[in-house]
Amino acid sequence: MADYWKSQPKKFCDYCKCWIADNRPSVEFHERGKNHKENVAKRISEIKQKSLDKAKEEEKASKEFAAMEAAALKAYQEDLKRLGLESEILEPSITPVTSTIPPTSTSNQQKEKKEKKKRKKDPSKGRWVEGITSEGYHYYYDLISGASQWEKPEGFQGDLKKTAVKTVWVEGLSEDGFTYYYNTETGESRWEKPDDFIPHTSDLPSSKVNENSLGTLDESKSSDSHSDSDGEQEAEEGGVSTETEKPKIKFKEKNKNSDGGSDPETQKEKSIQKQNSLGSNEEKSKTLKKSNPYGEWQEIKQEVESHEEVDLELPSTENEYVSTSEADGGGEPKVVFKEKTVTSLGVMADGVAPVFKKRRTENGKSRNLRQRGDDQ
């Protein structure tokens with residue numbers, strides 16, 4: 001059987017971050033050491049400091065939440081005061097509770113029972129609040145449960161002042177310049193002025209201007225029909241001046257009685273008067289017309305283009321360029337190469353042939369040949 005070595009078990013110390021032998025004498029010797037005891041005390045102090053910091057943070061957060069709740073409750077009570085309602089939620093008050101005073105708890109319970117009975121008797125008093133959506137619909141909100149509904153709750157009594165001043169009908173202006181009336185509760189719209197319509201003080205000047213413009217439009221429409229009588233014209237002209245005092249909407253009405261047997265002279269005078277009134281009414285309607293954010297319609301007039309030749313005073317370019325045929329006619333110039341002969345290779349005596357010197361070799365040996373060494 002083969003022999004083998006077995007290593008001793010080791011143990012890791014978390015405080016000192018080192019390995020020691022996993023036996024009783026080694027562990028006891030390490031724990032009795034000064035370094036190990038200092039590390040243990042240091043770890044305990046760190047844990048204590050962390051727990052204190054965590055407790056401080058929790059206390060700070062609880063104080064912040066309490067301040068937020070108090071501010072929210074204060075704002076809620078201010079809203080209730082602004083709406084003219086009584087707050088049913090009491091402010092939170094911190095009072096020390098002791099076991100030596102048992103009758104106070106019973107008295108508080110009796111008061112709470114009485115309040116609950118009162119609330120059951122008058123469930124809608126001071127509980128429901130009426131609101132209006134952005135589209136003009138009315139809804140009712142429960143302050144206690146937070147529920148909302150469209151139907152009016154039983155026993156609900158809103159502010160009498162608000163309901164008296166509240167206007168159901170709203171005056172508007174159509175795209176054609178006619179005024180109409182819109183009911184915010186039922187969604188109904190009509191051209192005739194309702195009986196219970198209450199105009200706003202800020203809307204009076206605009207309504208007068210709209211009525212003046214409507215009166216001028218009605219006059220222009222009535223002038224197109226030749227069957228209108230003189231009495232109607234005077235009534236319409238007088239209506240333009242009196243409309244500013246009393247708001248009314250006039251629509252086009254046809255006269256049943258036709259003046260077929262009138263004289264031609266009176267008809268001419270009537271036509272002249274109608275043309276004059278039309279011109280003045282058109283000018284008034286232009287000035288009193290409601291401004292359109294996209295601009296007004298304009299008639300496009302086509303301009304006749306004249307094809308007359310216009311002298312642009314450009315520089316003349318008659319002799320500036322040469323035609324391509326003239327440029328190609330000359331052709332490319334021919335290149336002539338000259339020949340040169342060498343008469344002599346340099347300064348030398350007459351009658352002596354040129355001598356070419358050979359390259360000297362080192363000790364009579366050629367460099368290109370591989371020479372055998374001296375050892376061989």
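Placement of Cβ uses the backbone N, Cα and C atoms for every residue, glycine included.
Marked as compositional bias 'Low complexity' by Swiss-Prot: 94-107.
The feature region 'Disordered' is assigned by Swiss-Prot to 94-128 (among others).
Annotation source Swiss-Prot lists domain 'WW 1' at 122-155, citing sequence analysis.
Here the domain 'WW 2' (163-196) is broken down by DSSP into helix, strand and coil counts: 3 helix, 12 strand, 19 coil. Here Swiss-Prot flags 163-196 as domain 'WW 2'.
Residues or ranges marked as compositional bias 'Basic and acidic residues' in Swiss-Prot: 189-198 (among others).
The region 'Disordered' annotation in Swiss-Prot covers 189-335 (among others).
What Swiss-Prot records for 203-215 (among others) is compositional bias 'Polar residues'.
The compositional bias 'Basic and acidic residues' annotation in Swiss-Prot covers 218-229 (among others).
Annotation comment: Swiss-Prot describes Ser220 (among others) as phosphoserine.
Look at Swiss-Prot and you will find Ser227 (among others) tagged as phosphoserine, backed by a large-scale study or a structure entry.
Feature annotation from Swiss-Prot assigns phosphoserine to Ser229 (among others).
According to Swiss-Prot, the compositional bias 'Basic and acidic residues' annotation covers 243-257 (among others).
If you look up Swiss-Prot, you'll see Ser262 (among others) marked as phosphoserine.
Across the compositional bias 'Basic and acidic residues' (298-309), DSSP assigns 0 helix, 0 strand, 12 coil. The feature compositional bias 'Basic and acidic residues' is assigned by Swiss-Prot to 298-309 (among others).
Marked as compositional bias 'Polar residues' by Swiss-Prot: 316-326 (among others).
According to Swiss-Prot, the region 'Disordered' annotation covers 356-376 (among others).
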